[in-house]
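Report on the structure given below.
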Amino acid sequence: MRKRIVAGNWKMNKTYEEALSLVSEIDNMVKDEVNGDVTVIVAPPFPFLQSVGKLTQGNDLMHLAAQNVSEHDSGAYTGEVSASMLKSVGVQYVIIGHSERRMYHHEDAQALYKKLKATIAQGMTPIFCCGEPLEERDADRHFEYVGKQLHDSLSYLSNEEFDKVVIAYEPIWAIGTGRTASSQQAQEMHAYIREQLSRMFDAEAAFNCSILYGGSCNPGNAKELFAQPDVDGGLIGGASLKSRDFTDIIKSF
Ligand code: PEP
């Protein structure tokens with residue numbers, strides 16, 4: 001049975017106090033309004049991870065994610081944060097390969113593979129992001145583009161390692177633009193991703209892999225997106241910064 005997941009990527013937003021009040025609001029709304037069949041994840045900036053995690057500890061539905069991880073285990077890598085450090089402050093999920101990191105920090109397929117390995121080795125779950133830019137979709141090369149992203153970073157994992165992985169399909173043209181993919185566009189890409197995964201790994205593991213949609217998902221469009229057979233939830237940016245919107249998205253299953 002696939003996990004249904006809604007994850008909030010806070011990106012580089014919020015001060016410490018704002019982060020604590022946002023997570024407290026989400027935590028209370030989830031306790032009051034959400035049934036037990038969904039995994040809720042919040043991904044605050046690094047400095048707030050431990051405090052945000054502590055505030056959600058008593059709520060079984062809530063989980064903690066980091067937005068990035070170093071590919072290295074330890075040592076002279078100024079400014080980096082290792083998987084074991086994340087694990088030691090209670091992180092359970094790590095977002096890997098977000099398009100903003102690929103674009104602004106030049107993270108390539110090989111680096112992402114190493115980040116996946118480091119995350120899985122610490123017993124955490126990677127949320128591996130993929131998605132095409134607008135020019136690839138306009139040129140009708142979006143399947144090929146996403147297929148290559150998956151192949152280039154995931155195909156070296158073992159079946160056991162892949163069992164831990166969550167995928168997020170995030171078309172770059174839909175991120176932060178207000179222009180979401182239609183439910184049909186999301187479904188056809190998610191089905192394609194699942195098929196590619198079944199070629200690389202066990203068919204059963206591919207079937208059980210949660211594939212999230214990300215890109216201008218909001219309370220108005222989440223229900224239709226989440227109703228698609230291969231859409232197992234969402235990775236939410238802007239709307240995850242508002243407790244009411246985020247909770248309403250969680251309730252859209
Ligand atoms: C994201 O960047 O992961 C994202 C989905 O952003 P938004 O929801 O703001 O488009």
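Just so you know, the numbers here start at 1 and follow the chain as drawn.
Any Cβ shown, glycine's included, is placed from N, Cα and C.
Checking the candidates Ser155, Ser158, Ser198, Ser216 against TrEMBL: the one annotated together with Asn9, Trp10, Lys11, Gly176, Gly237, Gly238 at the substrate site is Ser216. It is Gly176, among the binding-site residues Gly176, Gly237, Gly238, whose Cβ has the fewest other Cβ atoms within 10 Å in the structure shown. Less than 6 Å separates the Cβ from ligand 1 in the case of Gly176, Gly238, drawn from the binding-site residues Trp10, Gly176, Gly238 in sequence order. Residues Asn9, Trp10, Lys11, Gly176, Ser216, Gly237, Gly238 are listed as the substrate binders, and the farthest two of them sit 14 Å apart at their Cα atoms. According to DSSP, His98 (active site, electrophile) sits in a coil region rather than a helix or strand.
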